[in-house]
Amino acid sequence: HACNPPVGNLATGRTPMTTTTCGQNSTELYCFYPDENLLRHGSPGCGQPRCTKCNTNQPSNSHLPADMTDDFFANPISWWQSAQGVHREEIRLDFETEFYLTHVIAVFKSPRPAAMVLERSQDYGQTWRPYKYFSVNCTATFGLQDDVIEEGSTCTSRYSDAVPCTRGEVIYRALSPANKIEDPYSPEAQDLLKLTNLRLLLLKRQECPCHGSGLVEKPQRFAHYAIYDLIIRGSCFCNGHAEECELANRTGVMENMVHGKCVCRHNTAGDHCEKCAPLYNDQPWKPGDGKTGAPNECRKCRCHNHAESCHFELSVWLASGKRSGGVCDNCKHNTEGYRCQRCKPGFYRDRGKPMSSPEVCK
């Protein structure tokens with residue numbers, strides 16, 4: 001049957017890159033309203049702000065990009081924070097190979113952006129395409145219809161409210177009801193789910209609408225983005241031919257990290273089981289069928305044990321009535337033919353031995 005590797009958090013063990021980080025070149029002062037004040041229901045204001053400093057060289061005062069992708073159960077209150085005063089910020093995660101995405105969750109410490117875009121690349125960052133636009137006002141910001149009104153639109157206002165002012169979530173599901181995909185290995189599914197890079201473009205900051213909190217003395221000290229957790233759920237990409245994956249290249253290994261190199265089954269080969277194993281090219285390679293569950297295994301060429309590999313040839317396949325298209329490579333033991341099925345000129349066949357014997361041609 002067609003098989004799938006397990007889904008995990010692709011961000012685990014991988015560090016995002018950001019345009020800025022708070023306190024990168026020197027100590028920076030910033031202010032915030034404590035979570036417990038913001039999350040207390042029924043309170044009219046945000047309470048007293050707290051002001052403190054950040055500096056990337058001081059572990060207790062640093063809020064680095066890696067803090068978004070650490071274990072959120074072990075470190076629930078670690079976060080990344082941008083420099084003060086930035087409106088446009090980019091958070092980017094580069095993968096070492098192709099993966100399949102299921103969904104993205106960003107948990108903000110600051111109010112969620114008034115406008116942002118989630119994009120993916122399938123060619124290691126050369127070209128980018130949007131997954132989803134997020135805005136308080138889709139038509140005004142991006143000229144797009146809001147999916148709250150028109151299901152399936154690429155823009156949504158669902159995750160752009162300033163409230164809650166902390167721990168607000170932004171969620172993207174690759175397989176939403178609007179994207180109905182029956183076979184997860186079809187070209188359409190791959191176009192939607194496969195990625196090598198992911199980036200969040202934060203385009204417009206917004207303040208917390210703290211009612212009755214009066215004028216803040218230094219509003220610029222609140223002017224930053226901050227994210228507690230970035231969770232990218234997905235799996236290794238194996239064309240339906242593997243259910244486990246291993247490390248693609250020996251980088252630092254972290255527990256629960258999703259690895260990118262498939263442990264191929266069904267006689268397939270390659271990092272993503274995207275081709276047949278050397279001696280299994282008797283019919284064209286196909287991905288597993290996620291709809292019917294058909295494994296679409298690669299079939300062994302009949303080379304009578306005289307070849308280590310074979311290749312698929314369309315003319316041979318068509319001539320056989322689409323039954324067999326494998327041509328054996330470099331026949332050994334003095335044999336020749338598409339299937340190493342006869343002796344080379346100057347050698348005769350020993351009828352006392354099977355065709356698969358190394359001593360059949362003398």
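Sequential numbering from 1, following the chain as shown.
Note that Cβ sites are derived from N, Cα and C of the backbone, with glycine treated the same way.
Heads up, TrEMBL stuff is auto-annotated, nobody curated it.
Some features that TrEMBL has for this protein:
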| type | residues | note |
| --- | --- | --- |
| DISULFID | Cys264-Cys273 | disulfide bond |
| DISULFID | Cys331-Cys340 | disulfide bond |
| DOMAIN | 1-235 | domain 'Laminin N-terminal' |
| DOMAIN | 236-300 | domain 'Laminin EGF-like' |
| DOMAIN | 301-362 | domain 'Laminin EGF-like' |
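Considering other CB atoms within 10 Å as the measure, the emptiest surroundings among the disulfide-bonded residues Cys331, Cys340 are those of Cys331.
Considering only the disulfide-bonded residues Cys264, Cys273, the Cβ with the fewest other Cβ atoms within 10 Å is that of Cys264. Rounded to a whole value, the Cα-Cα separation of Cys331 (disulfide bond) and Cys264 (disulfide bond) is 26 Å. Per-residue confidence over the domain 'Laminin EGF-like' (236-300) averages 91 (mean pLDDT, predicted model). Cα-Cα distance from Cys340 (disulfide bond) to Cys273 (disulfide bond): 27 Å (rounded to the nearest whole number).
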